[in-house]
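**Q** Take this structure, written in structure tokens, and hold onto it; I'll ask about it next.
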Amino acid sequence: SPPVCGTELLEVGEECDCGSPTNCRNPCCDATTCKLHSWVECESGECCEQCRFIKAGNVCRPQRSECDIAESCTGQSADCPTDDIQRNGQPCLNNFGYCYNGMCPIMYHQCIALFGASATVSPDSCFDSNLDGQGLFYCRRERARIFPCAKEDVKCGRLFCNYFQSSCLYQYSGDIDFGMVDDGTKCAEGKVCNSN
């Protein structure tokens with residue numbers, strides 16, 4: 001059967017159906033024909049407003065962090081462009097870190113997440129435990145085998161933090177990655193941790 005215009009049900013052959021002309025609340029739809037008005041560019045989307053594309057340059061997805069990129073409408077589409085991030089390795093947080101997959105992982109923030117707001121990163125000497133490759137102190141794990149850190153990689157194993165008067169503190173749990181320095185964390189100038 002042919003579509004019946006004005007039922008508020010989108011049927012085959014209709015571009016829109018917003019009900020009767022007196023009840024229609026969709027400015028893009030011609031309620032008498034159930035077709036979109038000829039001037040309509042879009043009906044919905046982050047970059048669509050009053051049936052027209054929002055002009056180019058209007059931000060549709062704000063920057064969430066220093067390693068994220070704000071997206072703006074193109075003026076040619078109702079959709080916000082694909083979410084994009086800064087390239088990996090871009091310096092961030094005043095050169096304390098490098099962007100990694102849209103984040104700026106630094107040890108200081110990881111210590112705060114593990115111990116609380118007063119936590120700081122322990123002195124370099126604490127990280128030497130990662131040279132042992134014993135127990136919880138290592139750089140890499142493959143199944144049951146653990147691999148010690150090389151001297152230049154000691155800051156890519158277990159994370160050591162100071163909390164109030166205590167130093168060389170670390171955390172661990174059943175999750176083997178818990179308490180380890182996060183991948184992408186700056187460990188030296190021009191170098192980041194990578195568990196692979």
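For all residues, glycine too, the Cβ spot is worked out from N, Cα and C.
Look at Swiss-Prot and you will find V4, L9, E11, E14, D17 tagged as Ca(2+) binding site. For C5-C34, C16-C29, C18-C24, C28-C51, C47-C73, C60-C80, C67-C99, C92-C104, C111-C161, C126-C168, C139-C149, C156-C193 (among others), the entry in Swiss-Prot reads disulfide bond, with the evidence type sequence analysis. Sequence annotations record features per position, and here Swiss-Prot assigns domain 'Disintegrin' to 2-88 based on sequence analysis.
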**Q** So how many other Cβ atoms are close to C92 (disulfide bond), meaning within 10 Å of its Cβ?
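**A** The Cβ of C92 (disulfide bond) has 20 Cβ neighbours within 10 Å.
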**Q** Would you count the other CB atoms within 10 A of the CB of C104 (disulfide bond), including those on all shown protein chains?
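**A** Neighbour count, Cβ to Cβ under the 10 Å cut-off: 22.
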**Q** According to DSSP, which kind of secondary structure is C156 (disulfide bond) found in, if we only use helix, strand and coil?
**A** helix
**Q** What residues, ordered by sequence, lie under 8 A Cβ-to-Cβ from C34 (disulfide bond) and sit at least six positions away in the same chain?
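**A** In sequence order, the residues whose Cβ lies under 8 Å from that of C34 (disulfide bond) (at least 6 apart) are P3, C5, G6, E14, E15, C16, D17.
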**Q** Long-range same-chain neighbours of C168 (disulfide bond), Cβ under 8 Å, sequence gap at least 6?
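**A** Set apart from C168 (disulfide bond) by at least 6 residues yet with Cβ under 8 Å, we have S122, C126, S129, F160, N162.
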**Q** Under DSSP, is C168 (disulfide bond) helix, strand or coil?
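**A** The residue in question, C168 (disulfide bond), is strand (DSSP, three-state).
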**Q** Quick check for the class: what is the C-alpha distance, in angstrom and rounded, between C73 (disulfide bond) and E11 (Ca(2+) binding site)?
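**A** Their Cα atoms are separated by 31 Å.
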**Q** What counts of helix, strand and coil residues does DSSP assign across the domain 'Disintegrin' (2-88)?
**A** 0 helix, 15 strand, 72 coil
**Q** What does DSSP call C161 (disulfide bond) in the simple three-state scheme?
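**A** Going by the DSSP assignment, C161 (disulfide bond) falls within a strand, counted as strand.
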**Q** What residue among the binding-site residues E11, E14 has the most other CB atoms lying within 10 A of its CB?
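**A** Selected residue: E14.
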**Q** Starting from the Cβ centroid of V4, L9, E11, E14, D17, the recorded Ca(2+) site, name every other residue in that chain with its Cβ within 8 Å, sequence order please.
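**A** Output for this site, in sequence order: P3, C5, G6, T7, E8, L10, C34.
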**Q** Could you check what DSSP calls C149 (disulfide bond) once collapsed to helix, strand or coil?
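**A** C149 (disulfide bond) sits in coil per DSSP, no helix or strand.
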